[in-house]
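J.: So Swiss-Prot says this about it:
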- Gln85, Gly103, Glu104, Gly105, Lys106, Thr107, Asp492: ATP binding site (BINDING)
- 863-890: region 'Disordered' (REGION)
- Cys882, Cys884, Cys893, Cys894: Zn(2+) binding site (BINDING)
Amino acid sequence: MLGFLKNFLDDNAREVKKLQRVVTAVNELEPRIEKLTDAELQAKTPALRERLEAGAPLDDLLPEAFAVVREVSRRVLDMRHFDVQIMGGVVLHQGKIAEMKTGEGKTLVATLPAYLNALTGRGVHIVTVNDYLAKRDSEWMGHIYRFLGLSTGLIVHGLDARQRQASYAADVIYGTNNEFGFDYLRDNMAMYPRDLVQRDLYYAIVDEVDSILIDEARTPLIISGQSGKPTDTYYTMARLVPKLKAETHFAVDEKARTVSLTEEGFARCEELLNIDNLSDPEHEEVLHHLNQALKAHALMKRDRDYVVKDGQVIIVDEFTGRLMFGRRYSDGLHQAIEAKEGVKIERESQTLATITFQNYFRMYEKLAGMTGTADTEAEEFKKIYGLDVVVVPTHKPMIREDLPDAVFKTEEGKFRAVVEEIAARHATGQPVLVGTISIEKSEVLSRMLTRRGIPHQVLNAKYHEKEAEIVAQAGRIGAVTIATNMAGRGTDIMLGGNPSFLALQEMRRRDYPPEVIAEAAEYGPCTEEVAEARRVYRELYAEFKKETDAEHDRVVALGGLFIIGTERHEARRIDNQLRGRCGRQGDPGATQFFVALNDDLLRLFGGDNIAGLMDRLKMDEDAPLEHPLISKSLETAQRRVENRNFSIRKHVLNYDDVINQQRELIYRQRRQVLCGEDLRPVVRQMMEEVAGQAVTAFAPEGVYPEEWNYEGLSEYMTQILPGEKWTVEDLEERLGKKRDDFRREDLRRLFLNEMEQAYAAREAELGAETMREIERVLMLRIVDEKWMDHLDAMDQLREGVGLRAYGQKDPLVEYKFESFDMFQNMIASIQEETVKKLFRVRVVPPQQAERRQVKENLYAAGGDGVKQPVRRDKKVGRNSPCPCGSGKKYKKCCAAKDEQAAG
């Protein structure tokens, strides 16, 4: 690992030198480009496209294209790309990951490679983490693209198929990772070619790439339908589990996040449930419910893993601390938590289509990403995605000071020291941001600060609605902010305050309508009322800018923002994200982590050395400890967890790659059926396969004809073919010979001829046009149904295959063999079902309204999750946080537009 790190640093320095040469080439063009008129600048797009069509590679067009975008940005947005932003743009164009620190202007960087690659006409996808950022960036950066004659699209929640098609047809498309993934799945469930929305997956630029490709790597997007399973058993198990004793009846492994019944526990549960043998296959479902109830009670903690809000169990994102509205744990775990908390249980769902972010984004021809923290995961990006990480230098030197960890014997002593440190800094007026890893810890600290009389703000999943407001104020004089996991918070902390936010706050005070305020700081087309609001906003912004600039200088004199981490996260990257909240754009700042020897990280992964050290040290709880062993143990523990998590993700990917290959094959064949004009050759091939498989099953090669199963073949032909029942005598009559003289080829040809005659008769009865439509719809429905069943079967295989290790077999190899057999059986089942139903299907007049409703329902559906959760979109409450991610209440954000669209 250390060798990899050294090589990475050396390679990065060499890479930056190469990038500097490209920056020089762009800068040399700047004086000439600056002299161009607007019309001459706009003429650059068709000129560059002509060069591209003439065979010039994109790399040759890069210097001029980048210089053009830089100049247009300066004219329309008054923002000129810095040299380091040009570097970042080159890295993204090369299909790599650009690590750029917070505040370095990643949004503007993306315009450079997006413009260059959009010249191909194939569409560039810019992927953000929520609807709010996608909408903001598409409108804001859209000025650059529109000036240059390119169109922009927006893919967010709530659009119908026609709106999505229009957006995907654009040159540059902004959207969220969830929506891009769901559209891929929905396209592969479409019943008509006109319902397809996505073009081919050409080039994606992923913002916060570490969050999407690592933190959510194991998160599948799932489109689901409700299953018919009853919910009573969950309540039964929720009442049973509290009667069990930890260690006596079940064992909890916090490190592996597992819980299992002991022998004594099995006996106790059998007694309580009045079951003879809980391990018996007939009680498999009961045992599954029991295990999920144990997980819900012993592993899942309220206000850490989830919160209960408005009678619902809502997952808390372990990486960002945000509430994950609409996401649900799969496999019955969410229902088990609902039963534990005594809220209404929602039914389990059945998977209709699924894909992980890992596999979705690996389908792009070219993939690139941006983030503030990627270098610690460079090895994983390279091994799993084939993506190199380049650390781009900052525009101004980084002068933030990262202080050594303060280590305490106990958590209580640590929190007392944190409060003292906050009090001392607050007394001088220096703003302080405190990062905690759970809602529970943030509220403990908040109570301690309240007792000390220190005014402060709390930002955690419970106070999501105030998020933007709290973050915007965190850099002001005397501000104290407690935040659960600042990763991905999306709003810059500006020293002295954010003038844009203050201007909008003043407009709220003046009673401007919420929908007008929402548009005041935007850039898109608008009404006269909004145009007037934008004029007022600009005036207020200029006024507050003077105030915040003066306050900025005072905060700088105090040392900038001081950040306290109250616990080390499992991943160094998340710690670095917290640190990265200060020291933006050359501002001063300092960070320090306060750590206790009984924090989860050290307790679970620190090893026996820490336990022994705790016993040996007879020190005051409130005194910080400094010991080289502790610092080393911290780093070792984090590396150990990172390596473990990487291994888990790699292991999961090995299994997921198996089903991914099957998915690609089935979706490719499905698309051929969907878009095929004449499916007769496909049906003919299916009939040949059905005949061949039947003969193989009932008249196996190498077996004497007198031993063949003629009765079985006759019954099977009766199932497939319309009309009379087939008997062995019919076979003899049609072939003109006795059964002992049959050859396998005779039987195959007879069966195939009978199917072809039935097919021809069916087409003559219905007409060629109707027959083609029936073939297409029937095949698509059968493929979808069989694929759905196959996904369920693969899930069950994956759950049980690990036990093969006890038999000295490699579970992955066994999984590959069995899944291949299952896939072959599914294909055979699709062929058989299609042929059989084609001869029997009844034709009814098309129900246009129903068909349209099904399509609309599909676009309202969707899902993704944590580990394997399922999202099912529901009606959003007017006082709930807006699903777009803006942090505002739904009624004050997107409600009016949604109601207008619905009406």
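Each residue, glycine too, has its Cβ placed from N, Cα and C.
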J.: Can you name the residues of this chain that are 6 or more positions from Glu104 (ATP binding site) yet have a C-beta less than 8 Å from its C-beta?
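T.: Residues satisfying the criterion: Val84, Gln85, Gly88, Val392, Thr394, His395, Arg584, Gln585.
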J.: Work through the binding-site residues one by one (Gln85, Thr107) and point out the residue whose CB has the fewest other CB atoms within 10 angstroms.
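T.: Ranked by other Cβ atoms within 10 Å, the binding-site residues Gln85, Thr107 bottom out at Thr107.
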J.: Ranking the binding-site residues Gly103, Gly105 by other Cβ atoms within 10 Å, which is at the bottom?
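T.: Across Gly103, Gly105, these binding-site residues, the one with fewest Cβ atoms within 10 Å is Gly105.
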J.: What other residues of this chain sit with their CB within 8 A of the center of the CB atoms of Gln85, Gly103, Glu104, Gly105, Lys106, Thr107, Asp492, the recorded ATP site?
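T.: Those within range, site residues removed, are Met100, Thr102, Leu108, Val109.
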J.: List the same-chain residues at least 6 positions away in sequence whose Cβ sits under 8 Å from the Cβ of Lys106 (ATP binding site), in sequence order, or say none.
T.: Gly88, Ala98, Met100, Asp207, Met370
J.: Which residues of the same chain, at least 6 positions away in sequence, have a Cβ lying under 8 Å from the Cβ of Asp492 (ATP binding site)?
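T.: Long-range Cβ contacts: Thr102, Gly103, Asn498, Arg584.
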J.: What does DSSP say about Glu104 (ATP binding site): helix, strand or coil?
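T.: SS state of Glu104 (ATP binding site) = coil.
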J.: When DSSP states are folded down to helix, strand and coil, where does Asp492 (ATP binding site) land?
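T.: SS state of Asp492 (ATP binding site) = coil.
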J.: Need the DSSP three-state call for Gln85 (ATP binding site) to compare against my parser.
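T.: Reduced to three states, the DSSP call for Gln85 (ATP binding site) is helix.
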J.: Record lists Gln85, Gly103, Glu104, Gly105, Lys106, Thr107, Asp492 as binding ATP; longest Cα-Cα distance in Å?
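T.: Overall maximum Cα spacing for these binding residues reaches 18 Å.
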